Amino acid sequence: MSSAPRRPAKGADSFCTPEPESLGPGTPGFPEQEEDELHRTLGVERFEEILQEAGSRGGEEPGRSYGEEDFEYHRQSSHHIHHPLSTHLPPDARRRKTPQGPGRKPRRRPGASPTGETPTIEEGEEDEDEASEAEGARALTQPSPVSTPSSVQFFLQEDDSADRKAERTSPSSPAPLPHQEATPRASKGAQAGTQVEEAEAEAVAVASGTAGGDDGGASGRPLPKAQPGHRSYNLQERRRIGSMTGAEQALLPRVPTDEIEAQTLATADLDLMKSHRFEDVPGVRRHLVRKNAKGSTQSGREGREPGPTPRARPRAPHKPHEVFVELNELLLDKNQEPQWRETARWIKFEEDVEEETERWGKPHVASLSFRSLLELRRTLAHGAVLLDLDQQTLPGVAHQVVEQMVISDQIKAEDRANVLRALLLKHSHPSDEKDFSFPRNISAGSLGSLLGHHHGQGAESDPHVTEPLMGGVPETRLEVERERELPPPAPPAGITRSKSKHELKLLEKIPENAEATVVLVGCVEFLSRPTMAFVRLREAVELDAVLEVPVPVRFLFLLLGPSSANMDYHEIGRSISTLMSDKQFHEAAYLADEREDLLTAINAFLDCSVVLPPSEVQGEELLRSVAHFQRQMLKKREEQGRLLPTGAGLEPKSAQDKALLQMVEAAGAAEDDPLRRTGRPFGGLIRDVRRRYPHYLSDFRDALDPQCLAAVIFIYFAALSPAITFGGLLGEKTQDLIGVSELIMSTALQGVVFCLLGAQPLLVIGFSGPLLVFEEAFFSFCSSNHLEYLVGRVWIGFWLVFLALLMVALEGSFLVRFVSRFTQEIFAFLISLIFIYETFYKLVKIFQEHPLHGCSASNSSEVDGGENMTWAGARPTLGPGNRSLAGQSGQGKPRGQPNTALLSLVLMAGTFFIAFFLRKFKNSRFFPGRIRRVIGDFGVPIAILIMVLVDYSIEDTYTQKLSVPSGFSVTAPEKRGWVINPLGEKSPFPVWMMVASLLPAILVFILIFMETQITTLIISKKERMLQKGSGFHLDLLLIVAMGGICALFGLPWLAAATVRSVTHANALTVMSKAVAPGDKPKIQEVKEQRVTGLLVALLVGLSIVIGDLLRQIPLAVLFGIFLYMGVTSLNGIQFYERLHLLLMPPKHHPDVTYVKKVRTLRMHLFTALQLLCLALLWAVMSTAASLAFPFILILTVPLRMVVLTRIFTDREMKCLDANEAEPVFDEREGVDEYNEMPMPV
């Protein structure tokens, strides 16, 4: 050819080999070491050929051959793209686009198919790409004699990067040999075509045919091999001179070469060149086909094996689930056949199978050896880790695991069958022998017969089992992919069986949506060294006859090895099982992307573990510090978890996110706080109505549950017993002006109204000890000042309504927050002391009225005649059941009855001890839990019934009975009626007393306010998980207003009873059955409804008709219940416990916060101050000023806020005055509702 071809522009065709004339004689080649380093740095093969200048390639020989990697990279990159001939049309026939500027994103190529093949580029897309490239090609592709590195511009798409990265990890597949002549040429233009071919060969310095193969051998690259059935390919066909780079923008786009060369060629030659250079030849566009070889299914960068890796499906993000872990060991059965036997399981704590009895032991915290954890970490670091394995059956998983073990050189190829056989052995469980129905385990020996059950393919074989794992043919892989796309078949009816009782019981304890971890460890002698595999399945699947219960399996851990290895397989199995049951580790296992994530999670677990020294422990008390240290470690771990979210791959939250989260939490807390003040009159009351009344209809629908019926029966007796007890004592204190009938009617009426209108229907309103103390004090005040007691209560009721409206209007319920544990414990301790004192005071009074008689001879003349006459005259009148003296209302109480004092003592003590013992029996170990709870909850009614029967059976001894009228009547009809005249019954009530009644009204309001609001606070604790909310203002207004109105009818005012309300809430609490053995019970829901309280109030009101039965109850039995309430109220009072510490050496002090964080003398000082306040209250109660005791009690609030804060530090006050009481739902010995509240009964 006359004119020498011009050098191609570097930016236009980066893959053209430069002319040898442009290379210096001494230009060195690219060093092999630097090339390897650049491979590792850039991560893309042949990437340096794009980056380096043309002159730097002089080290390569001009005639070197190009392998299949060159072709693949050349085709898949954006540097050289063949376009169909239809794209080379005049500009007016094509839609032109703006050039690709730096501000525009490059057009994204279609992603590769899942099989790794490159999709065909559509013609329309090429038109757009060609038009966009044509605008910017003028400035970038102008031929220049010298090119600089800054002129190199290339674009590497994301798909290119992924494809090249996949190719880098796999060996290059054989490529076809180039034919001698690949492109058909017309005979008419053979000479011109040969000239063009020679010019191109001179420009690129590459010989075709055999010359390329020789040069290729010299360059050190393997000779490409032609694949059968594919057209051979020659690099010469992809070459064109540099002037053709911008041919699309030429004025004559149909001319395939430069102007000078085109003038020397005939038209046929030009057409041939057009066909060769512009057309999309199918043979050239054909994609490479390689021999199929299954790649490693291992996720992440760890342990990737060479081989073509098809592009996997994107992994769906794993959401951590609750976990169930089962440890199986390879042991011999009674027939000396190996099998997998379950030896332990973890739901939260470890449960081991006792070897001798084959029973499950008690749940306990797993204690691990430090060496086993180190061995586990080492095995995970060197073993096989397969993440997101896409298998549905145990045989498929086993084959993948075994092949991965062979690939990672853990086992020999000849051990493949033995390991596989070991993995597919049958599994046995301790519960199998208890089931006499269809056998649960299906033998895996006949594996072929199970394939149809697993896949529903009839007689077809399982590809996972019958085909080799590596090197399979493409057809098998396609069949497997089609099979995975099919929905999982339903279990065949032939092997379906009903779950056993043991399985159902265990499934109740496993959390919902839990996923299982199977741990398989054992000794096999055919292996020379241990082998390990950790598998996480892509989707959790149920593996037949593997687990004890049908729970889907997500993780598998396998450890096999010889007994000669210095490794305890059982301990390593326990270690990985304990790790998987740990919340932080199994969350990290779900989110792990590679092996390093698991190793990091193990290190985090070790950071929070406690190592005990190898010393002998003499007692459990020596291990108390271990539990304390462990709690500190867990607290630190939780704090770190809040700063850095757990799980692999998660970034820490930014400061903005933390601030936003705190604002949201603060806003939510402020919105849900019912004590927050609005600043408007009655604003809190309006918020209570808007919060609670929208749930009004659901309050009745939610009562349609059997548990509510059981709660009605239980709470009825729990409410009736105090009503009878306090009613009898109130009648004693007020000379029957207010007695049992008035208290029962008041409880019924106010209970019905409150359950219909109240904001928190779980509250049980009733009479309490503080109100009883006030009623006694006010009655004494009225008697000493010759005032009518019932009329004075009416005016107190009027002032109560006014005070309630004023408090609610000012949103004063927030003041309950200032009533701390310091005041509550003094109040509760005072009432308990009053209960205990009143019991023994009444008993002593009985002994004074009915003294004991000494034994004397019948003929003695020194016997007191008066007393004998009383005893002799009374004895004949006693009828069966000593009932004849019960109704002597007009004759007064009999005195000096024989054996009355002793029988009263027996009845009182018997009632107390029976009720107290049944309360303890509730949390004992006898009988099933349900029976114990029923007996314990009805302990007080059972004690009353037993002692009433004892009294009834003793016919000749008098005891004072409960005074209850017949029918619907007041206790003393001769003294009062149902309606009280506010102006006076027998004489006009003084006007000054109408106004002065404000003071006792304030005192009563203080008592009702404290009891009601503190009880509502206890019920509304967040640990109880109430959903409908409470209403402090609405409940206070209803209770106080109803008490004020009931005073017009001579009925006692009531308050929220703390113990009964907590008992009511506990009875309506549904505990979750999915509680791990050894774990605390968790609340599932609370039946928040109005029906149970409504029915209880109605039943208490109807109890007035059983007056005949109530009249059989001796007062001594009520004294026993009074003593029981006083003693049990002391439980849970920290003040009472600290009083014990005054008499106890410091070495015997309990391990509690206020002992460990506060010095002993400072703690005793705090106790002494509380004791001083208690003594002051008791002194006030013992004087004529006993009516003012609520005012003295409320003064302890400013005392704590002003005085104690100057004596004690904030840290000491938090330890001594913190409200640490939590709801009690479990069955710990000696712990019940009384331990939860420092409030009086």
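A Cβ is built for glycine as well, from the same backbone N, Cα and C atoms used for every other residue.
Within the list Ser132, Ser437, Ser858, the entry that Swiss-Prot describes as phosphoserine is Ser132. When Thr27, Thr98, Thr183 are looked up in Swiss-Prot, the one carrying the note phosphothreonine is Thr183; the rest have no such note there, which does not rule it out for them. In Swiss-Prot, the feature N6-methyllysine is attached to one residue out of Lys274, Lys426, Lys1214, namely Lys274. Membrane topology taken from Swiss-Prot puts Glu849 and Ser924 on opposing sides.
Scan Swiss-Prot for N-linked glycosylation site across Asn441, Asn868 and the hit is Asn868. Mapped onto DSSP helix, strand and coil, the topological domain 'Cytoplasmic' (919-933) counts 8 helix, 0 strand, 7 coil.
Take the CB of Cys1173 (S-palmitoyl cysteine) and look out to 10 A: across all protein chains shown you find 22 other CB atoms.
Per-residue pLDDT, averaged along the region 'Membrane (anion exchange)' (708-1241), amounts to 84 for this model. With pairs at least 6 apart in sequence, the transmembrane segment (737-774) and the transmembrane segment (826-847) have 3 or more Cβ pairs within the 8 Å limit; the two touch. Sequence-distant residue pairs (6 or more apart) of the transmembrane segment (1036-1059) and the transmembrane segment (934-954) include fewer than 3 whose Cβ atoms are under 8 Å, leaving the two stretches without contact.
Against the transmembrane segment (988-1010), stretch 784-816 shows more Cβ pairs under 8 Å than any other of 708-731, 737-774, 784-816, 934-954, 1163-1199.
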